[in-house]
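Under the heading domain 'N-acetyltransferase', TrEMBL lists 8-153. As annotated by TrEMBL, acetyl-CoA binding site applies to Val85, Ser86, Val87, Arg93, Arg94, Gly95, Leu96, Leu97, Thr98, Ser122, Glu123. Annotated active site, proton donor per TrEMBL: Tyr127, in sequence order. The feature active site, proton acceptor is assigned by TrEMBL to Phe412.
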Amino acid sequence: MGYTHPMTDVVVPRAEDFDEIAGLLALAFHGGLDPELLEVERGIFEPERALLVRDGTTAVAHAAAFTRELGVPGASVPAAHVTMVSVAPTHRRRGLLTALMRRQLREIRDAGREPIAVLWASEGRIYPRFGYGLAAQRLTVSCDTTELRLPEPASVAGTLRLDQPVARQAELARLYDRVRADRPGWSNRDERWWRYVVADVKSLREGATERRVLLHEGPSGLDGYALFRTKDEWDGSGPRGEVRVDEVVAEHPDAYLALWRLLLSIDLTRRLSFRTAAVDEPLLWLVNEPRRLGAQLSDGLWVRVVDLPAALAARRYATDLDVVIEVTDELLPENAGRWRLVGGPSAATCTATTEPPRLACDVRALGELYLGGAGLGALAAAGRVRELVPGTLAAAAPAFGWHRAPAPMEVF
Ligand SMILES: CC(=O)SCCNC(=O)CCNC(=O)[C@H](O)C(C)(C)COP(=O)(O)OP(=O)(O)OC[C@H]1O[C@@H](n2cnc3c(N)ncnc32)[C@H](O)[C@@H]1OP(=O)(O)O
């Protein structure tokens with residue numbers, strides 16, 4: 001694996017080092033240093049949770065984490081939101097990422113507040129070696145809206161309005177919190193994060209309009225919203241504008257349908273894209289021609305179980321479960337061993353045991369199972385989970401699932 005960079009060279013940066021780190025990120029991600037974007041990103045940066053490596057006076061490697069909670073089956077769990085990972089092109093493949101990941105996981109574990117870490121990967125092959133498992137897939141929708149029809153609404157009680165997201169931030173936040181309670185995969189958003197979400201950096205618009213919010217008000221007030229923008233385009237045969245949907249949050253099916261009926265029928269637009277649809281997106285079950293959504297499966301959230309007994313006890317299980325699992329973990333040996341997991345829809349415990357194991361897997365598989373997205377049976381079919389006692393898979397698989405698929409909401 002090459003040499004591991006000496007830990008002594010890893011420093012915790014100060015807030016004023018942000019511009020230097022942003023320069024490194026711009027290099028690694030082939031981006032620019034737009035002052036407006038920098039100010040927005042500075043607002044969420046937590047320097048005390050960052051790790052920086054310099055070669056002389058030049059920043060060459062960096063990783064950070066945001067302090068947030070992640071919605072998991074039946075609960076909301078503190079989760080280190082790992083982000084801003086980059087190594088300078090001049091210093092790649094020398095073990096710098098490995099050194100940063102090892103140190104970061106060790107620090108998260110020792111701090112004892114966050115039983116899991118979660119991230120979006122720029123490339124899926126980077127993080128499994130550090131014990132991250134693909135916990136939530138997503139769909140990217142890209143469709144010709146003239147090919148799709150939605151049903152007529154059963155009720156016409158609601159009203160739709162358009163506004164600027166920043167003007168409605170507090171109302172959006174309240175609705176988001178209510179809907180989040182039942183949706184694994186959504187991260188909590190405090191005031192700071194809402195400012196980040198509604199910030200509409202010009203250099204990221206890619207030729208489209210400013211972001212707008214479509215609001216649905218039902219009998220008891222705001223019960224749905226969509227953040228989106230449109231992009232004007234014409235060709236020889238007429239208008240070909242595009243609707244770019246960023247997020248849709250709806251408390252009731254009628255709000256969801258009303259929002260999508262409008263998004264799919266905006267005059268002068270003919271196409272729609274939505275990059276963070278859930279794999280169980282209700283749209284799939286509403287449109288008259290699902291194939292025409294052009295939905296493609298992609299990866300979303302990668303979860304690393306950092307404190308195994310705390311993590312497994314923190315989520316809920318769809319059905320009652322009592323199983324002993326033998327787990328391996330090369331990076332955090334405290335997680336390795338035999339664990340008895342007893343859980344159900346309202347509580348769970350996880351304790352070390354000497355009883356014979358019924359299942360065996362590595363810690364990465366537990367990350368894949370954590371949000372209820374990967375099936376235990378599918379992982380076993382892939383050879384990633386081993387059934388040591390026949391019958392265990394069939395009995396335990398429903399418990400690890402959930403009634404909603406995990407839904408990656410926002411790239412952080
Ligand atoms: C959560 C986030 O922020 S995701 C964003 C990640 N950042 C980026 O994609 C920006 C561009 N890329 C980079 O900055 C760097 O290439 C990084 C951070 C991905 C990798 O950093 P490096 O210091 O080169 O990684 P390191 O040397 O520790 O590699 C460890 C192992 O992972 C492998 N690896 C690392 N990156 C990649 C990759 N992109 N593709 C395939 N393999 C990779 C290495 O080959 C090595 O494998 P080996 O041990 O079998 O030899």
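Every residue gets a Cβ built from N, Cα and C, even glycine.
Automatic, uncurated: that is what TrEMBL annotation is.
Feature map: annotations from TrEMBL on the structure.
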residue : record                       : contacts (Cβ under 8 Å, 6+ apart)
Val85   : acetyl-CoA binding site      : His62, Ala63, Ala64, Leu97, Leu100, Leu119, Ser122
Val87   : acetyl-CoA binding site      : Ala28, Val60, Ala61, His62, Leu96, Leu97
Glu123  : acetyl-CoA binding site      : none
Tyr127  : active site, proton donor    : Met101, Leu119, Ala121, Trp302, Arg304
Phe412  : active site, proton acceptor : Phe66, Arg68, His81, Thr83, Trp120, Ser187
By a 10 A CB contact count over all chains shown, which of the binding-site residues listed here is most packed: Arg94, Leu96, Thr98? Leu96
I'd like to know the mean pLDDT over the domain 'N-acetyltransferase' (8-153). 97
What counts of helix, strand and coil residues does DSSP assign across the domain 'N-acetyltransferase' (8-153)? 53 helix, 51 strand, 42 coil
Can you list which of the recorded positions Thr98, Tyr127, Phe412 have their Cβ under 6 Å from some atom of ligand 1? Thr98
Please classify the secondary structure at the residue listed as 'active site, proton acceptor' using three-state DSSP. coil
